[in-house]
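Worksheet: the structure to be examined is printed underneath.
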Amino acid sequence: MAGGVHKNHETTPTYEGRITTKYEGRITAFVVLSCITAAMGGVIFGYDIGVSGGVTSMEPFLKKFFPAVYKRMQEEAGEVSNYCKFDSQLLTAFTSSLYVAGLVATLLASRITGGAGRRTSMLLGGAAFVAGTAVGGAAIDVYMLILSRLLLGVGLGFANQAVPLYLSEMAPPQYRGAFNNSFQFSIGLGALSASLINYGTEKIKGGWGWRVSLALAAVPAALLTLGALFLPETPNSLIQQGKADRRNVANLLQRIRGCEDVGAELDDLIAASDAAAKIPPGRRQFEAIARREYRPQLVMAVLIPFFQQVTGINVIAFYAPILFRTVGLAEGASLLSAVVTGVVGAGSTFIAMMAVDRLGRRALLMIGGIQMFAAQVIVGGVIAAKLGDEGGMSEGYAYLVLVMIGVYVAGFGWSWGPLGWLVPSEIFPLEVRTAGQSITVAVSFLFTCVVAQTFLAMLCRLKAGIFFFFGGWLLVMTAFVYLLLPETKNLPIEQIGLVWREHWFWKRIVAGGDPVGGAK
């Protein structure tokens, strides 16, 4: 292990007879404030997800930008199926354009995050967010509306690349799960804020409430942009960039950890940086990440965000108000129902923050997967039995659907929601970390876009069967976690690579290579 074994540090045997140092440190006000500021990127992400579903259920918004959808809503029962009223490729383009831009931006963000630092990417992301909210609030036609979403997508590409890495690298190892889950918690808070604001702005007379909903994303965007000016860079990034000597990095680590004795952690960071120096940020990282020793992490970087999207969560987040209107709730009631699911999502993510470093990643992912599967099957069964092409379902069944969607959202909130970001951000060694995070974010954006763009068409054609479709994927991903995802709780981030060498399957892939993860 880099730096050897230092006195006054608790050491425990670990993989292949190696020694892992439990670094000194505690949670400090300095690191908490830094992470709260960085997590504003998650608030904006959640707000943008939540606000789109709300405004697209507002009749003045539809009448102005999507008149064909508005006309179908006004048609008599029997002329258009309940499942097809909102089926519009232009309407889904409004939602999914955010993720097309994010997909492209994250590829550029990888190079900037590795070469110029996590803080720089957050600053650029915040600036793009501010521009996007200004255009959206002032939109006069659908082209301005989509331009706004594209700018917001650029911001997401940078923020989602940098923020999870920043949180993982700043947090003490024993609390890394809780700190990183604050990103998903902030996404939940953003989505809840959007639902509350949509519920309020829908009542504004004159039909311009949607402008307020879109423009208020400027608040967290401004906080992220201004905060990024004052955030410290992570020690990992400073060492990787060669911008600070050992003494300066040690001083920063002492402020972050709240203790004087940071020698063991600093030695491991330097060892990881020495390994990373062989693979500079950019194209060579993407070439290196395909090598055998990084194969398990690459598989996780692709499949975890893919699985996160095929849970169906963004269907609920984007289209909850539309879905509730489909089953018979009025406009105001559908927006209020979205508020309820937002509260449940934020609350369950907070529970995950408290539990993830005790129960571990695997347990939460499997519990949440089973819970979501059961909820999807029940929702699909009720809708299949009680909602036809015409009319609505009884109020009692509509609220049963709402309750089960709440159960589903809770399951996501303490499993695939936060852990879908945490696990990929902590498993990559420093030499390929920004490329790995870039792949994670790009895959997430790609499949978010695919699901968002196809959901309304799938709902029209599959009807209630769409819930069974997502339920099937939930079974697949739960089995994947059980068989192929090792536990990473409480391990120092620069030594997590060692777990693959002990896993029953992955050790066959990485065996014979150099130790992964910067620890030797």
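Even glycines carry a Cβ here, placed using N, Cα and C.
The domain 'Major facilitator superfamily (MFS) profile' feature in TrEMBL is assigned to 34-489. Residues or ranges marked as transmembrane segment by TrEMBL: 27-47, 90-109, 121-140, 212-231, 298-322, 334-356, 363-385, 397-417, 438-459, 465-485.
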Establish whether the number of Cβ pairs under 8 Å between the transmembrane segment (438-459) and the transmembrane segment (121-140) reaches at least three, counting only pairs separated by 6 or more residues. no
Relative to the transmembrane segment (27-47), the stretch among 90-109, 212-231, 465-485 with the most Cβ pairs under 8 Å is 212-231
Candidate ranges 90-109, 121-140, 334-356, 397-417 - greatest C-beta contact count to the transmembrane segment (363-385) (under 8 angstroms): 397-417
Give the nonlocal contacts of the transmembrane segment (334-356) in its own chain as ranges (CB under 8 Å, at least six residues past its ends). 50, 53-54, 57, 177-178, 181-182, 184-185, 187-189, 191-192, 194-196, 198-199, 202, 316, 320-322, 324-325, 364, 402, 405-406, 409-415, 417-419, 422, 489
Against which stretches of its own chain does the transmembrane segment (397-417) lie, if we need a Cβ under 8 Å and a gap of at least six residues from its ends? 184, 187-188, 307-308, 311, 313, 316, 320, 323-324, 327-329, 337, 340-341, 344-349, 351-352, 355, 364-372, 374-376, 378-379, 382-383, 386, 477
